[in-house]
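Novice: As listed in TrEMBL for this protein:
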- A:15-147: domain 'HTH marR-type' (DOMAIN)
- A:160-180: region 'Disordered' (REGION)
DNA sequence: CGCAAATCGTTTGTACAGCAAATGATAGTG
DNA sequence: CACTATCATTTGCTGTACAAACGATTTGCG
């Protein structure tokens, strides 16, 4: 009766479904990661922030926000909770007292080492369908693309001629402003 | 001007930053896609839904939600707006009058073809830092991983055994051993 | 047959994240 | 010293996720 067509991603050869694939994989990653990181103040976000604090040398909150693509206002209360949990510490930079530099506490570093083990297991599971070689290629490609995106983020590129269509849209989307 | 530290993903060899890389790339994709799809009712989500309606044979709303990992309640008003824009149409299935089957209208299909061109350009830009070979590898890996995730998802609705899992991939096993 | 359970879609309510704008503190500049 | 810029915080609004309740309908069991 209801013979459903073969289910899978029939458009895997199409060039316009990268966003879908990324969204699916990322959602799966988050789903598993949130379950595994339930004891971290803000789950996977808190994990990323903590990791950035431990790797970088006492980054400012703005640097953290730019690196993790998190809004500044979100970063504020995100750090509030991490600090309350004793994982990071905010200190006013004596050289520029406007900025707060965030560093991981000793306890935060120990905790982070544990968390990274859990997350590594999660990622193995997310990529379990890829053989070892494809897995590494995927990791490397994602890392390279992400690094390039971060480099391209600060100044939005010159090819912005297509942006900002006139408001004839039925979707009533808020137009993205071209900058600050 | 503050001298940025050697910025990139300094932990690219670490195994626990896949989530960060995926999040960054996906966010970039969405940022550009939303700008390009401002005339689609719900931006990139509307685009994905429309694409799924056009590819599949009149899927039910539940099937759409499962495929795109969108909540059912969200799918409702998402389809409301797509239908209001004349891109899709909901019809009660005469065989089971509980379900609504969604199909793309002719106008929806024409529109979709245009949108896919725009999205393809966006993706070229997102992956502009990768050479052609790495780009295709990344696409293929993401597609494979996403397909596997969808196959592993049915934990959400275990009763939906109606799907014929015609396994074209080796990892087509269900039944996840390690529970949450 | 008739009633209870299950399913699908919708509605409602809550919580959280993103975004923009305003505010306060501080630094740099003319 | 006055003026502007930057950083962090706060506030308000919007969109999404998630859970629960609901009506309509199908299915299953006595």
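Keep in mind that glycine also has a Cβ here, set from the backbone N, Cα and C atoms.
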Novice: Compute the average pLDDT of the predicted model within the domain 'HTH marR-type' (A:15-147).
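Specialist: Mean pLDDT for the domain 'HTH marR-type' (A:15-147): 92.
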Novice: Could you give me three numbers for the domain 'HTH marR-type' (A:15-147), the DSSP helix, strand and coil residue counts?
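Specialist: Once the DSSP states are binned, the domain 'HTH marR-type' (A:15-147) shows 90 helix, 11 strand, 32 coil.
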